[in-house]
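Q: Take a look at this one; I'll ask things after.
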Amino acid sequence: MEADWNEIARINPPGPSPNSPSSPVTTFAFDTDQELLWTGNEYGRVTSFYGLELQRYTSWRAHISSSPRGAPGNAPVKQFLLYDKGVISLSTRSVHCSARRGLAQWHIVLPDMVDLRCMSFTGKLSSTSEIVVAGCQQQMYRIDVEKGTVTETMKPAAMVPYTMMRRANNYICAASHDGSIHLLDPNTLAVVQKWQAYAGTVNDMDARGDHLLTCGWAHQQYGGLGLERLVRVFDLKRLRPAAPISFQQGAAYVRMHPKLSSTCIVLSEHGAINSIDVLNQDVPVMRFANTFEAQLTGLQIMPSGKGFAMSDTHCQIVLWGSQSKVQYTEYSRPTEFPDPVMQSKHLDWAADLPSNLIGMPYYREALLSGWPNSLVHEVGAPPVRLDQAILTALRKSDYGMVGPNPRKTKRYEVEDTRASQRVQDALAAPRFLSEKPRGDNGDGEPERRLSEDIGKVLSNLSMNGSSKADMLAYYRPVEIKYSKFGVDDFDFRYFNKTKYSGLETHIVNSYANPLLQLFRFTSTVRNLALRHTAKDCRYESCLLCELGFLIDMLEKAEGQNCQATNLLKALSKQPGAATLAILEDHTINTPLTIMLQNLNRFLLERLEDCVRKVTFSTSELQAALGTRGSAFSRCTHCGYEDAKEQSWYSHDLMYPPKPTKHSPRPVRYAFTRLLQDSVHRYDQQRGYCNRCQGYKAITSRRVVHAMPAVLMINAAIHTPEARQLWATPGFLPQEVGIINANSQFYCYEGPDLQHHLQRRNHPITVYELVGFVADVAAGEAQKPHLVSIVDAGISSPDPSRTGDWHLVNDFLVRPIAQEEALVFDPRWKLPSVLAYQTKHRSHEIDNLWKGSIDKSILYRSLAQPAFDPSYEFKTLSDADPLPGVQTHCAIDAEFVRLLREEIDMGADGSRTITRPARSGLARVSVLRGNEPNAGVPFVDDYIAVEEPVDDYLTQYSGLHAGDLTAGVSQYTLVPLKEVYKKLWVLLNLGCTFIGHGLTSDFRTINIHVPEEQVIDTQDLFSLGYRSQRKLSLRFLAWLLLHEDIQQNAIAGHDSIEDARTAYKLWRKYLEYVGEDMLEDVIDDIWRKGRPLGFQVPASMEKDGRRLPMGPETPRSSAPGTPSRTPATMARTTPGRLESGNPLPLK
């Protein structure tokens, strides 16, 4: 390893498919004949790269991975062997050989191949006609390389799980899983000598000439296994151990130099590199590779010995060597490339050049441009896009995927895919926030241009105008577009300029958004949910609590977009939900309006169970939502009648039967007539009679005893006659009067209602229309869609506000006229669920629940096991002051990735994110922000996650596999709702939260905290007009607090440490503001951070901890500029540089 060796190239090998991210490299090797580098991944794909630029050469799938899409592969390539005719690759269940251009030579798969790990040539070093394959299984195989056949299957008496093999001298050196080394005879594969090398496993091994070098895991001083700080050497000529090589950083990988027989290169996981002579260890050559917080996973030396390659956990391959001298092999054969494409001759055709000089070829047939129009036809229509609901229902079979036919068209009909492309949506997606020009203060534009505003196109539309097609754009489905910055870069304010918040759509079961908005604007339901949420409800999947959380979030957001993530997740956990048609993952070809009506019925019934678990009494819920009465069933055969008390939380409308052909003039039915027949229902059907002991004709009827405060009605439109009935102008009344007396039930509207209100002969209850969910199909090529239309004035505490109708289309919210709201058209707009509320309950907004919040959950927090002696935790007690408006809390959260993002690859190669990655809350730490005990946590909870975790994000979260699994984790786990309830209680008690980057944290937690209750250190030390860059917590702590946090790159971040650091930064900010020096501090941050890229200076890692290689941490109270530039990567030994004193602030 010479002095000018350095990093010369770095690449990310391709993933399992063209639109997937890079996957980890499981093995790699340099070609012995050509300038090629071979890599393999966990999906069985073999890829080669050419030259120093690592240009992609060939790629093929040598081994089949049967893992589902999005999951890690289960066919990792374990090892490569190269010979003159091709490349042999080994996976756990197969052996494959291909030519270097990718043509398969042979492929071997046997039933007893279950866990293959290693292979080696058996002949002399120049012989490549036979290999031996072994692994952690009983069988070993001899394979003829030329024929591609298994010549012998061996079953040793005692199974030895071999994991690595190297051919050297007269032996095959094999390492076993238990840490022992075996020397095998190449001809008989008998064990010549063996010894126990390590207490753990052998991490790496190499053999060349007379030396065998190994690295492995051994017992450490304080218990546990760790990489041994020695490279063990074995003399193959004398068959005895030689002097080991000391390597204090922990030897992870070792390779013998191909040209210098006694020289080796040793590598640690964190980038320390030593080039050592085995026979003379006094003068090692030491270097350090920048790993960018990754761990190295492999090492290979070029056959020429003029460079080497490393792989790391960031799915990258790093090439090291001398830029001017490096080459893979000394005498390489030329690599074959595809024939070059012939370039067309360039014609210098200028504007003033006569056309006759260009010339035209002679054509024997008519040109296409000369064909008559009658012969021109459109071909190549775009394919039909399969619905996601259909794809989820497909199951594998021997001949492909099989699933139910959705039957959206008749057998002889073909979907016109061009028509769907020609549909122009007037609400084009806005520009991303990152693309908008900044104002003078560094923020986004204060006002949008009219060309970007929805109102320019649709502000003057009318119901009877000529632009009806444009008006329907408001009702079409709205989609979230994702940039490289994620969903936070989407301009939601483009779609909503009101104070009422919308709900996002990229969540499973988000079709329920309109129904949830309807509940939110029904003040009785709103009050009921919030009063229940304020109680100490310990039911983990309580839908009423989740509804209260959601309503409170929508009210606090005041127009900012929200998500119903937690509620919809709790919905999927409800008993019996999977068997009903209410979950998108379990529903096939069910209309959305039917799903919503089923959901309305299911939700209201489940709310009763949720209330009963807390109060053991459902009287309040029944008074709010339940129609109480008696249900009578009578057998027409024997006259036996049965009665039982019952509560109905929703009512399906009953429509008149279809008139006969010769019936007299049809009768006009009013809405109240349908409502009366539906509530005071009379049915006849076949049922089981206990007296007759058989199925007989049963008549059923209802007698209503008490009406609720809210009537939830399912429109249940299933026939053309019912659809046409809703097209009657003024069919849906805004007020309905109900008289329920002496077992009689009557409904009135319009003049009849006013007449009974004036006479007052009977007590009459007046209901007012709160809103409804509409099923719309705004366009022939548009799929059905659900929106909610609500009278927001009813839910306002101001009694003077009435008739304030709004359209809520997911996150699109806009005011509309009453005439537009209450008109229906069977061609594109029909109601699905309606909500009426008693008129005296209008404008009744109960906020007394804020003063009666049960705070006992804050006192139930438990300390976690103290694995770190510095861990400190103190639960809130009665001696502590009750959290309130003057209370400050430092908070930080850690997350895991539950689902990878979904990417759609267009025909033009464009990549569009269709669904972002989904994260889950994993840990929350809340620290006291007031004296006494400031900085001491009182909440430190790990959340039990029942869903599969795609990535624990260990380098950020500090979590590992099993840490969030109940029964396996070493931590005390709590349900998500309990953690969320603690934060919700602190929020509503008026506490102020201190943290760094809290906007994204609160979004993932799915809670909205008003700006006046948030102190974000990312904003406190914002660079303002200087730059839009957000400064990291680690950089601010290093520069302002002189602390190096997040040091352990392996263990990840600690939420308590991050929250405490944010608290200290806030105190520092108050100090700067009090001394009127904040702007000077930010100027120095800008001046000092810009040369460093606003990162802590380059570092090295030792035992998992980062050690500074750049300037020392400043020691004064203000940022300073180092007087000497940081060391470059060319330093051979890590050292600490001197730095000048920071510049004092003026």
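For all residues, glycine too, the Cβ spot is worked out from N, Cα and C.
Pulled from TrEMBL, these are the listed features:
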BINDING   Asp892, Glu894, Asp1001, Asp1058  divalent metal cation binding site
COMPBIAS  433-450  compositional bias 'Basic and acidic residues'
COMPBIAS  1114-1126  compositional bias 'Polar residues'
DOMAIN    501-839  domain 'USP'
REGION    1-24  region 'Disordered'
REGION    402-421  region 'Disordered'
REGION    429-450  region 'Disordered'
REGION    1097-1146  region 'Disordered'
Q: Any same-chain residues 6+ apart from Asp1001 (divalent metal cation binding site) with CB under 8 Å of its CB? Would you list them in sequence order, or say none?
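A: Within the chain, Asp1001 (divalent metal cation binding site) has Cβ neighbours under 8 Å at Ile891, Asp892, Ala893, Gly995.
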Q: Let me check the 10 A CB neighbour count of Glu894 (divalent metal cation binding site). How many other CB atoms are there?
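A: By my count, 23.
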Q: Go through Asp892, Asp1058, the listed binding-site residues, and name the one with the sparsest Cβ surroundings, counting other Cβ atoms within 10 Å.
A: Asp1058
Q: For the domain 'USP' (501-839), what is the mean per-residue pLDDT, to the nearest integer?
A: 89
Q: What other residues of this chain sit with their CB within 8 A of the center of the CB atoms of Asp892, Glu894, Asp1001, Asp1058, the recorded divalent metal cation site?
A: Ile891, Ala893, Arg923, Val924, Ser925, Gly995, His996, His1053, Ser1055, Ala1059
Q: Of the residues in the region 'Disordered' (1-24), how many are helix, strand and coil by DSSP?
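A: Each residue of the region 'Disordered' (1-24) counted once, the result is 0 helix, 6 strand, 18 coil.
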